[in-house]
Amino acid sequence: MSLLQGKVALITGASRGIGRAIATRFAQEGASIAFTYLSSVEKGQALETELSAFGVKVKGYRSDASDFKAAEELVNQIVADFGTIDAVINNAGITRDGLLMRMSEEQWDVVINVNLKSVFNLTKAVIKPMMKAKKGSIINLTSVVGIRGNAGQANYAASKAGIIGFTKSVALELGSRNIRSNAIAPGFIETEMTGEINDKAVEEWKQSIPLKRGGQPEEVADCALFLASDLSRYITGQVLQVDGGMLT
Ligand code: NAP
């Protein structure tokens, strides 16, 4: 029996990287997939075709996760298209790195809006259908950087730490409605996001990881699969690290 048979999942930022791997893994497990993208239009459209091959219902939506009104309209459209939303994976995220001394207001604002405000936007919109259905799983992508901080990423770390506080608060507020809220904290995962880091820094990161390698998007997707499925039905308010032991 497939783990997500009969469930509808919304994944934000699925045109590339971890979001794409989550959408693919969920489709393999029988979920109907609603996903979003923003600038990677061709990749988003290609994913829709690719996932349809698993024989599940799939629809991609071009939508800016940092836009409150757009998130509300998106969720209304998905409920009209799919009937309900059982799991939301708030994955859309960006970096605009720099030391605080040189960080602009724009660098701060855009990272907080895309990474943190988006989680508020989408979660606020999806809890309506979830409360109606008396069930739901909210899964937010934070980072080990949100737990321990990182030089050159004060904006990103603040956005990811904010997600942890938000995730736990939602778990407390909505547990009685059978809606679970958890976060995944990846360590160093090999995607376009980390592709920007220079080779020497990458080598240093890898040496500091007990498993001595970077993670793959599929390894984060397996954790998301667990949290979206009924296998995790008694787990809420948690931050699961997928980091090869980096932060132990
Ligand atoms: P990525 O390869 O850069 O992909 C980011 C995705 O987010 C893209 O699909 C992008 O879509 C989408 N996106 C960006 N801004 C958006 C917006 N305003 N609205 C909707 N979608 C938007 O990143 P990744 O490495 O897969 O990371 C995914 C998540 O995991 C992020 O939240 C990241 O912070 C977190 N994470 C990653 C790592 C890592 O090592 N890679 C570690 C810890 C946490 P378009 O291209 O279509 O705009």
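Using N, Cα and C of the backbone, Cβ positions are placed for all residues, glycine too.
In TrEMBL, annotation is done automatically, which means it is predicted and not curated.
According to TrEMBL, the feature domain 'Ketoreductase' maps to 7-192. Positions annotated as NADP(+) binding site by TrEMBL: GLY13, ALA14, SER15, ARG16, ASN91, TYR156, ALA157, ALA158, SER159, LYS160, ILE189. The active site, proton acceptor annotation in TrEMBL covers TYR156.
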I'd like to know which of the recorded positions listed (GLY13, SER15, TYR156, ALA157, SER159) lie near ligand 1, counting only a CB under 6 Å away.
GLY13, SER15
Expressed to the nearest Å, what is the distance separating the residue listed as 'active site, proton acceptor' and ASN91 (NADP(+) binding site) at their Cα atoms?
14
DSSP-derived structure type at TYR156 (active site, proton acceptor), helix or strand or else coil:
helix
Per DSSP, GLY13 (NADP(+) binding site) is which: helix, strand or coil?
coil
Which whole number of Å gives the largest C-alpha distance between any two of GLY13, ALA14, SER15, ARG16, ASN91, TYR156, ALA157, ALA158, SER159, LYS160, ILE189, the residues noted as binding NADP(+)?
25
